[in-house]
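One structure is given below, encoded as structure tokens.
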Amino acid sequence: MGMNMLLVCVLFVVGAMAAAPKKPMDVPFGRNYENTWAPDHVKYFNGGSEIQLFLDNRTGTGFQSKGSYLFGHFAMHIKMVAGDSAGTVTAFYLSSQNNEHDEIDFEFLGNKTGEPYVVQTNIYTGGKGDKEQRIYLWFDPTKDYHTYSVLWNLHQIVFFVDEYPIRTFKNSKDLGVKFPFDQPMKIYSSLWEADDWATRGGLEKIDWSNAPFVASYKGFHIDGCEASVNAKLCANQGKKWWDQKEFQDLDKQQWRLLRRVRDKYTIYNYCTDKKRFATLPKECRRNRDVPRKSSKKSP
């Protein structure tokens, strides 16, 4: 699939008019994060304002936030693994630390040279996931940095690519659907090998002759309610910008933008997978993930 430049232009115009999260504040890596494994596979540049993660046939590597957070806005500027990246996964996600954990996932699935990157998002509540969605990116994420962010409050979770929402998950507890609201999470990122499933369901294997695989990062933005692992309520709930009324839902223009991304670039949505779910998951209609009768998928 090639880039659709007309769509990109339309996205830019519409996105510029829509209410968007505040611009992430770029800070050095060490202010908010620390390496968690394989420190020899991390390189630091410009006083820690930029880092690179390396994956070879010995190991990958990763890092995590120093604090735990209950709601907030979390962003990372990432330049993905270039070239033949099949079998690699670059992950950026939030997760609590218990058996019945909550989790909010970005996973960037590598591909053969010239093929578009796939972004998989998923949400775990009470230790259960099975809410995968996958899209193609409409640009080459290996050429330059792009911003990937999560806005999470008591009302919704929104995944953004640059300024464009690609997925929303509304709080549907009134429908009996679990929502992450009382388990503080750390933020994680890692580069690792997953050629048993990552590219075309594991059909494309990693080519170690291309190692080391490199993902570059900068930004390291965190604007959240820092909490102890036992916290059940954010002390400043209702006071942060991301907790205000205008961020309880997308506005009309953002919903229109999201619909365009879904119509043009979605390649998998659990809400439309009748083989896995004979009955439509309750949250799907509230998240407007049910296809419109009049819509037709672009070739």
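In case you wondered, yes, glycine gets a Cβ from its N, Cα and C as well.
Residues annotated as active site, nucleophile in TrEMBL: E103. The active site, proton donor annotation in TrEMBL covers E107. The domain 'GH16' annotation in TrEMBL covers 20-217. For N111, the entry in TrEMBL reads N-linked glycosylation site. Among the features that TrEMBL reports, signal peptide is placed at 1-18.
The structure, with features from TrEMBL marked on it.
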residue : record                      : Cβ contacts under 8 Å, 6 or more apart
E103    : active site, nucleophile    : Y93, L94, S95, S96, N122, I123, Y124, G129, P180, M185
E107    : active site, proton donor   : V89, T90, A91, Y93, V119, Q120, T121, N122
N111    : N-linked glycosylation site : S85, A86, Y117, V118, T199, E204
Would you mind giving the whole-number mean pLDDT across the domain 'GH16' (20-217)? 96
